[in-house]
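Residues annotated as CTP binding site in Swiss-Prot, with sequence analysis given as evidence: 8, 11, 91, 137, 140. The feature ATP binding site is assigned by Swiss-Prot to 8, 11, 91, 137, 140. Look at Swiss-Prot and you will find 21, 23 tagged as Mg(2+) binding site, backed by sequence analysis. What Swiss-Prot records for 228-329 is domain 'HD'.
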């Protein structure tokens, strides 16, 4: 019986990155022997145990054989005669198939260390194509390690393309797709995840509303990058620079879905694409069972991002109405979230990456002015029932109007 450190802990240590969780594989042991040593069994589908002191996971060496469709269609074989090399062979990427023994020596039968040096994400064996979830995992690793220069090996990308074409991805559950996507959205370069899915054809299967944006032109004057799919990824990249929050990043991804509905004879203009895209956002979120708070923000950003771009010329009544529409009084964080996504939209364009976005500052300022109007004072002034809300709205509009007169004087008529 011998234990080896495997997977992410070995990989990240070799990359000089912080090691979070340690996973171990045990060769030459039975479940009874593990239990006798005080390990606690937690795995249902295959034997996984928690160490009695460290509570780190120890899995018995195993092989997997395809026995059905999708990522759950596997039969596992765990027994003392399964070798370390056999266990490593079932893993997805060579960089995840490196083991280390207690003396510090590496066992690397699939040359994962060479691929780490070459910054390559390469599949271990042709059995890679038996698990469709691996397409998303590899795209996520590409996003996670993009800042280190990693790229997907051409032969692995080709295999991912075959998997997308043969219908295997359709067996993935909504929960698994969202879990991988949510994890990818937390990386430093989440746009790479969606770019890789687009390149291998998986985006068309899993996110057709986003995939449809590629090849849709926008006016070159406002969008030198022209392609709306490219703009979407640039906006997501900018949102990731401005905020670590998944809801903000997902909203950036979905902000222009409505442009995919524009009839080609109207290109490159997309009048009304924001409100038109709201139902597409809802469609994506329903299909993938996206959490409600993330869904709701994405719908609001789709509907109102273009309005924010015109903030300096908005009427005070429109500004207060915007705060009503986004339910800012109960969910004040939405003001900041929408400010960030609107800024990401403007700066997510070729040549505009460093552009100042005063609209975000004005939005924040106007919000502070409007929220400073006291509901308590309205009640104390004798207003009751629906009249409270009416008077509160009037006072907020007056306050915003006074602020706006000072901050954004308009010589011409407002729009």
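Backbone N, Cα and C define each Cβ position, glycine as well.
Under DSSP, residues within the domain 'HD' (228-329) fall into helix, strand and coil as 79 helix, 0 strand, 23 coil.
Residue 137 (CTP binding site) sits 18 Å from residue 23 (Mg(2+) binding site), counting Cα to Cα. DSSP gives residue 137 (CTP binding site) a helix state. Looking just at the domain 'HD' (228-329), the mean pLDDT is 97.
Counting only same-chain residues six or more apart in sequence, the Cβ atoms lying under 8 angstroms from the Cβ of residue 140 (CTP binding site) belong to 180, 183, 184, 187, 193. Each of 7, 92, 93, 95, 96, 141 belongs to the same chain as 8, 11, 91, 137, 140, is absent from that list, and has a C-beta within 8 angstroms of the C-beta centroid marking the ATP site. Among the binding-site residues 8, 11, 91, the ones whose Cα is located within 10 Å of the Cα of residue 23 (Mg(2+) binding site) are 8. Here residue 91 (CTP binding site) comes close to 7, 97, 124: these same-chain residues lie at least six apart in sequence, with C-beta atoms under 8 angstroms from its C-beta. Across the fold, the C-alpha of residue 21 (Mg(2+) binding site) and the C-alpha of residue 11 (CTP binding site) stand 12 Å from each other. Residues 8, 11, 91, 137, 140, recorded as binding ATP, reach a greatest CA to CA spacing of 16 Å.
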